[in-house]
Structure formats: C-alpha cells, structure tokens
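A.B. asks: A single structure is presented below for examination.
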Amino acid sequence: MTAIVVALNLALCFAGLSALALSLDRHHRDAFLVRAGAARARTLRIAGWAGIGLSFAAAVTLEGWNFGSVQWVGTLTGAALLVVAFLSYRPGWLRPAALLALPIALVALPLALYG
Amino acid sequence: MTQQKDARRGPAYRLAVAGRIVLAVLGGYAVAALLTALLSLTLPLVRSEAVASATLVSFAVMVAVVVYVFAARTLGRAALAVAGLAAVLGGGLWLAGGFSAAGAA
Amino acid sequence: MRQGFRQSMAWLHAWSGLVVGWVLFSVFVTGTASYYRAEISQWMRPELVAGATDPASSADLAAAYLQKAMPDAVGWYVELPKPEKPAVGVMWWKSLDGPFHQALLDSTSGAPVGARDTRGGDFLYRFHFELGMPPLWGRWIVGTCALVMLVALVSGIVTHRRIFADFFTFRRRRSQRGWLDAHNVFGVLALPFHLMITYTGLVTLAPMYMPWGVAAAYKGGEMRFYVDSGLMPDLRGPAGKPGTLAPLSSMIAQAIAERGEAPEGVSVYNPADAAASVVAIFEEPHGLAHEHPQIAFDGTTGAVLGRNGATRAAAKTSTVMLGLHEGHFAGAALRALFFLCGIMGAATVATGLVLWAVARAPKGAKADGFGVRLVRVLNLGTIAGLPAGIAAYFLANRLLPLDLAARADWEVGVFFGAWALVAVLGAVRPAGTVWREGLALVGALFLAVPFVGAIATGLHPLAGELRFLGFDAAMIVLGVLFVLAARKAGRPRPPQAQRADAAIAGREALRA
C-alpha cells in the first residue's frame with residue numbers, strides 16, 4: 001500500500017521537479033541546447049509546481065497529514081536527486097523520463113486508492 | 001586579499017577567535033540552560049509540559065546564541081550581550097525560585 | 001572573522017564544519033546503516049532461522065535464566081521473540097550506571113543460543129552516538145558535534161545565497177567548482193532531512209544534554225517527570241523485604257488479552273523484592289510518535305498496578321521527534337528513502353571536507369602547508385577508512401573461528417584495526433594515487449563480503465538460501481559504487497577544470 005503511494009509521490013515529484021529544472025535557462029540549454037522562452041519557462045514553472053502540489057495532496061489524502069507529509073518530503077528529496085543525476089549525466093533524457101513518469105503516476109493512483 | 005589574510009593571522013586575531021569560541025560554547029550553553037530552567041518554572045502549562053517545551057527549544061536557543069557570537073561586530077560587544085542576557089535570565093530564575101534548595105512546587 | 005553577516009557566516013560554516021566533520025561523517029554513516037540494524041544483525045547471526053515462537057513461555061524460560069544469572073539484580077529486561085527474530089534477548093544489571101550484561105537465549109530451551117558471538121548491527125547503532133568510547137564521553141562528543149552541525153547548517157543556508165537558482169546545478173568536473181556543486185546538491189536537496197535528523201538526535205538525548213528544566217521543576221524527583229509526561233507508568237520502589245516473583249507468562253497473557261498483541265519486551269524491577277514490578281512494553285502503534293504503551297504489574301501477585309498515561313502536546317512533540325529520528329514507522333520504500341537521505345548527509349560532510357582542502361591547496365608548484373596536509377590525511381583516513389572498517393567487520397563475522405574466546409570483541413577489533421590501517425596507509429602513500437587506492441580497497445572489501453560469506457557458511461542462493469539476498473545485493477552495490485569512485489579519482493584532471501579553478505575568485509569559493 002504505502003509503497004504504491006511512495007511510487008505515486010516519486011513519479012509526480014520527479015515530473016514536477018523536472019519541469020521546474022527545465023524552466024531554468026541553464027538546464028533548458030543543457031537539455032535542448034536553446035534557452036527557454038519566457039512563455040515556455042512560465043508554462044514549465046506552472047506545470048512543475050502543479051506536479052509538486054498534486055503529489056503533496058496525494059500524500060496527505062492517502063496517508064494523513066503527519067505520515068503523508070513526512071513521506072512526501074522523503075520522496076521529494078529522492079526525486080530531486082534523480083533530476084540532478086539526469087541533468088549532469090544525461091540531460092537530454094530528462095524530458096522523456098519526466099513524461100514517462102506521468103503514466104506511471106496514472107497507473108499508481110487507482111492502485112493506491114483501491115488496491 | 002593576501003594582505004588582508006596576513007593581517008588576520010596575527011596573534012590578536014587568533015586570540016579574538018579563541019575568545020569567541022569560548023564565549024559561544026560556555027555562554028551559549030549557559031543562556032540555553034538558564035532559559036530552559038526559567039521556562040520550565042514559569043510557562044503557564046502543566047509542569048511536565050512546561051519542562052518538555054522548554055527542553056525542546058533549548059537547542060535552537062543555543063544555536064542562535066552561537067551564531068550571534070560569531071556574527072557580532074566585536075568580541076567585547078558579543079560578550080556584553082551574552083553576559084547581560086545570562087544575568088537577566090539568572091535573575092528571573094532566582095525570582096522564580098529556581099535556586100531554592102528543595103521542595104518541588 | 002570577517003566584516004559583514006554573510007562573510008562571518010561563511011567563515012563560521014567553513015571552520016565549524018571542518019572541526020567536527022570527521023566525527024559527523026562517522027555518525028552519519030553508522031547511523032544510516034542503523035536503519036537496517038535488524039537486517040544486519042540477522043545476517044551476522046546466520047544460525048538463527050525464523051520460526052514460530054511463544055512469547056509467554058519463553059519469558060518464563062528467560063526469568064529462570066536471569067534468576068540464576070543475577071537473582072539480586074536491580075533490573076532485568078526480556079526482549080520477547082518474534083517470528084523474524086526467534087531468539088530471546090535478556091539484559092540484567094545491578095546498578096543503573098551499568099554494567100549491563102546481556103545474552104541471547106533459545107526460545108524453546110532457554111539456554112544461550114548456538115549462534116556465533118557477535119554484536120551484530122547493535123555495534124554500528126551504538127557507535128553512531130557513542131563512537132565506541134565510554135558512553136558518557138561518546139555521547140557528549142556526538143552531542144557537541146551535532147550542535148555544531150546545526151550551526152553549520154544555519155550558517156551554510158546564509159552563505160549559500162542562490163539556493164533555488166542553484167537547486168539542480170551540479171557541474172560534474174573534478175574542480176573546486178564541482179566539489180562545491182556536489183556539496184550544495186547533497187546539502188540542499190536533503191536539507192529537511194539534515195535539519196530533522198540533527199535536531200531530533202539532540203532531542204533524543206536531551207535528558208542528558210539539557211537536564212536543567214527537569215532539575216528546576218522536579219527538584220529531586222526527576223523520575224516523576226517521565227510519569228507526568230505519560231512516558232512510563234508510576235512505579236514503586238523496593239520494599240526491602242524478599243519476595244517471590246510470579247510467573248511472567250501469566251502477566252504476559254493478561255497483557256495480550258488487554259491489547260490484542262504480544263508485548264515486545266518485559267522489564268522487571270527489583271525481581272527478588274516483595275515490591276517487585278513487571279512492566280509489559282508494547283511496540284509503538286502505527287504513527288510517527290515513538291510511544292510504547294506500557295502496563296505495570298505487581299511482580300509478586302500479577303495484579304495490574306497501572307499504565308502510562310496519554311501524552312500531551314509538548315511530550316507528544318518530543319516523542320514524534322524521537323520517532324522521526326528512528327524511522328521505525330517507515331515501510332520498506334520510505335526506509336530506503338531515509339537511507340538515501342542519510343547517505344546524502346554523509347556525502348554533504350565528505351564533500352565539504354574535501355572542498356575545504358581543495359580550496360586551500362596552494363596554487364602552482366608550492367608544497368602544501370602542514371594544516372592542509374593534515375586535513376587531507378584525515379579526510380582519506382575517515383572517508384575511506386570507516387567504510388573499510390565496516391566491510392572488514394562483516395568479513396570478520398564470517399572468517400573468525402566460531403569458538404574464539406571473546407569473539408564479538410575481536411570483530412570490533414577488526415573494525416577499528418582495518419580503519420586505522422587504511423588511515424595509516426593513506427598518510428604514507430603518495431597523494432596523487434592515494435584516493436584511487438583507498439577507494440578501490442574499500443570496493444574490493446565490500447565486493448568480497450557476499451562471496452566470503454557464502455563460502456564460509458555454505459549459505460547462498462545456489463544452495464537455496466534466499467534470506468541474505470538483500471544484504472548481499474547491498475554489499476555488491478556499495479562495492480561497485482566504491483570501485484566507480486576509485487576509477488573517477490584515478491582519472492587525470494582535465495585542463496578546463498584547472499582553468500575553472502583559477503577563475504574562481506576567493507569570495508566565490510566561499511571561504512578564505
């Protein structure tokens with residue numbers, strides 16, 4: 001049960017943090033060789049915070065305030081480490097990896113709710 | 001840069017650093033301990049709760065004092081502030097009966 | 001000391017981090033390993049096989065053993081068997097100041113188990129707050145270092161002005177900039193964990209570090225504080241007259257009937273006294289707080305004397321902090337994340353230590369000063385030495401003869417011996433290759449653990465033994481990581497990294 005929620009949190013945090021990282025010029029250039037335009041950066045930033053917010057909401061709803069928030073902070077750290085690893089070793093893979101995380105979250109959500 | 005550095009290696013500088021370390025360790029612990037004892041006696045809570053709350057914040061208090069000691073403009077000013085704070089807390093603790101021998105409240 | 005708040009904080013961060021860094025690294029590594037203390041203990045006692053147990057009857061066997069070992073003890077503790085840990089742990093003591101004797105008993109015969117003599121994961125656990133020293137000394141040193149760690153975290157946050165802009169930045173060059181990035185990434189990404197684990201660590205030992213609140217409010221009756229807080233039941237003192245202890249099994253049966261589960265342990269106070277008390281201690285219920293429900297019994301009649309009360313807000317906050325520090329509430333996935341955070345804590349300290357030496361290395365052909373050389377030697381001695389000691393501790397567990405006298409002490413001796421050996425070798429080997437050699441040695445030691453274990457015990461997956469797959473996999477992962485680190489350390493520095501170093505101005509590099 002909890003392991004599925006951890007997976008859900010990890011996937012959402014990873015997608016969200018990836019979007020946030022790519023909204024920064026330095027990392028956008030690493031991944032796509034060009035700077036993010038202002039509009040694109042804003043979209044990425046909104047998507048990023050949305051992912052992180054969703055993951056927090058999921059953690060708190062599924063695990064309660066105390067337990068959920070502790071677990072959420074843990075997954076946030078793990079996901080952030082993963083983003084940094086991608087950015088420094090395979091920056092080009094960050095976007096596909098983040099997009100891959102979304103269907104994982106979609107599969108994990110019903111499992112966490114009804115599994 | 002280098003010249004500044006050399007000036008900072010003098011005995012006076014080293015003595016001031018040593019002084020701050022001693023002040024941070026002894027002064028920081030004294031302030032934290034006095035505040036913990038004072039709050040334990042005066043917080044308007046059940047006795048065990050007052051003690052637990054005071055003990056919980058004591059480490060943050062000590063960290064704050066240590067940071068202040070190293071951030072203060074001069075050692076003298078830091079020493080004055082820490083000693084003044086400790087004196088006030090000690091006075092408060094004395095008034096609250098913290099130094100009377102026995103007989104728990 | 002420098003002019004300006006940020007400059008003084010940068011100075012404070014660099015120097016406070018340095019003086020406690022080696023101890024903090026050791027505390028982080030062994031503390032992180034303690035998340036898997038039970039698994040390490042299981043691996044180190046391969047003779048104990050999980051199986052069905054009966055807590056009540058094994059408590060009577062334990063009492064019979066303790067009755068012989070120390071009938072006039074002040075206290076006994078019986079850790080009841082569980083399916084995954086089928087032995088009965090017993091402790092007994094004549095004074096609360098120690099010494100605390102202990103033994104591991106077979107849950108069906110009540111005799112000491114045939115498992116090899118080892119301190120298992122408990123050694124690493126105790127090391128993380130006692131450093132293998134006399135407990136008082138070790139705890140004060142670790143407490144002091146933890147407080148300095150808090151100071152270093154606060155001053156580090158002030159110093160690192162662009163926390164969010166640099167959040168994901170790790171320029172993977174073997175330059176000063178690369179070390180700084182790594183230090184920031186490990187420090188900032190796991191910052192909530194670092195703050196939490198350091199503060200809660202201090203709170204865990206607060207009764208020792210900061211006893212003045214209890215002393216002022218409970219003059220002379222300090223135990224009352226724990227009763228008032230709901231942390232223990234109200235216990236009576238000894239009557240001074242001899243008495244006979246009733247069978248523990250009947251009290252355990254009552255405890256099971258009341259709470260629907262077996263307690264995890266039983267404490268017996270003044271077992272030979274007419275006013276003996278027995279306390280059944282249950283595992284913490286699901287939740288963050290580290291709170292053990294307890295039921296106290298009259299030791300001679302078996303009647304219930306009382307229970308611990310409910311905790312109020314402040315006491316609850318303390319127990320939640322303890323719970324967060326220990327992470328017992330975490331399932332497998334969350335525990336793995338805590339473990340990762342712990343490793344990141346160790347990495348923050350290690351990269352900070354290396355950065356200190358790199359930033360102060362003289363440029364050009366000048367020789368290192370004594371200070372920088374000393375820091376370098378201590379860095380390698382700790383960062384490679386401690387992991388080498390842990391791997392050697394595991395190897396010793398499999399290689400030392402089973403009938404060796406004081407075998408458990410020998411294992412600990414091997415731990416410190418291997419650590420010291422790596423530290424000494426690190427001091428005498430040439431600086432250019434020493435990191436490669438040291439890290440490769442650690443990697444080889446970890447990689448050897450599963451194979452040596454399989455050969456020495458005959459227990460391995462090919463023989464159908466799957467209990468230690470997780471432990472063996474962890475050893476192989478650690479070994480591979482150290483080998484990769486050794487390869488990286490052995491590669492020559494690219495010229496652009498050297499140019500980058502030259503380009504970093506003194507202030508950018510944080511400290512001078």
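Every residue number used here counts from 1 along the chain in the order it is shown.
Each Cβ is built from the backbone N, Cα and C atoms, and glycine gets one as well.
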A.B. asks: Quick check on the annotations: TrEMBL lists transmembrane segment for one of C:59-82, C:179-202. Which range is it?
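C.D. replies: When C:59-82, C:179-202 are checked in TrEMBL, transmembrane segment belongs to C:179-202.
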A.B. asks: What stretch, picked from C:12-36, C:137-158, C:332-356, C:440-462, C:468-486, has the most CB pairs under 8 A with the transmembrane segment (C:377-396)?
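C.D. replies: Top-ranked stretch among C:12-36, C:137-158, C:332-356, C:440-462, C:468-486: C:440-462.
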A.B. asks: With Cβ distances under 8 Å as the criterion, find the stretch in C:12-36, C:137-158, C:408-428, C:440-462 that has the most pairs with the transmembrane segment (C:332-356).
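C.D. replies: The stretch I would name here is C:12-36.
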A.B. asks: Can you name the far-off residues of the same chain, 6+ from the ends of the transmembrane segment (C:12-36), with a Cβ under 8 Å from a Cβ of it?
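C.D. replies: Contacts with the transmembrane segment (C:12-36): 121, 124-125, 127-129, 131, 141-142, 144-146, 148-149, 151-152, 155-156, 158-159, 197, 327, 335, 338-339, 342-343, 345-346, 349-350, 352-353, 356, 375, 378-379, 382-383, 386-387, 390, 474, 510-511.
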A.B. asks: Sort out the residues at least 6 away from either end of the transmembrane segment (C:137-158), same chain, that have Cβ-Cβ distances under 8 Å to it, and list them.
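C.D. replies: For the transmembrane segment (C:137-158), the list is 5-6, 9-10, 12-13, 16-17, 19-20, 23-24, 27, 128-131, 187, 191, 194-195, 198-199, 201-202, 205, 208-209.
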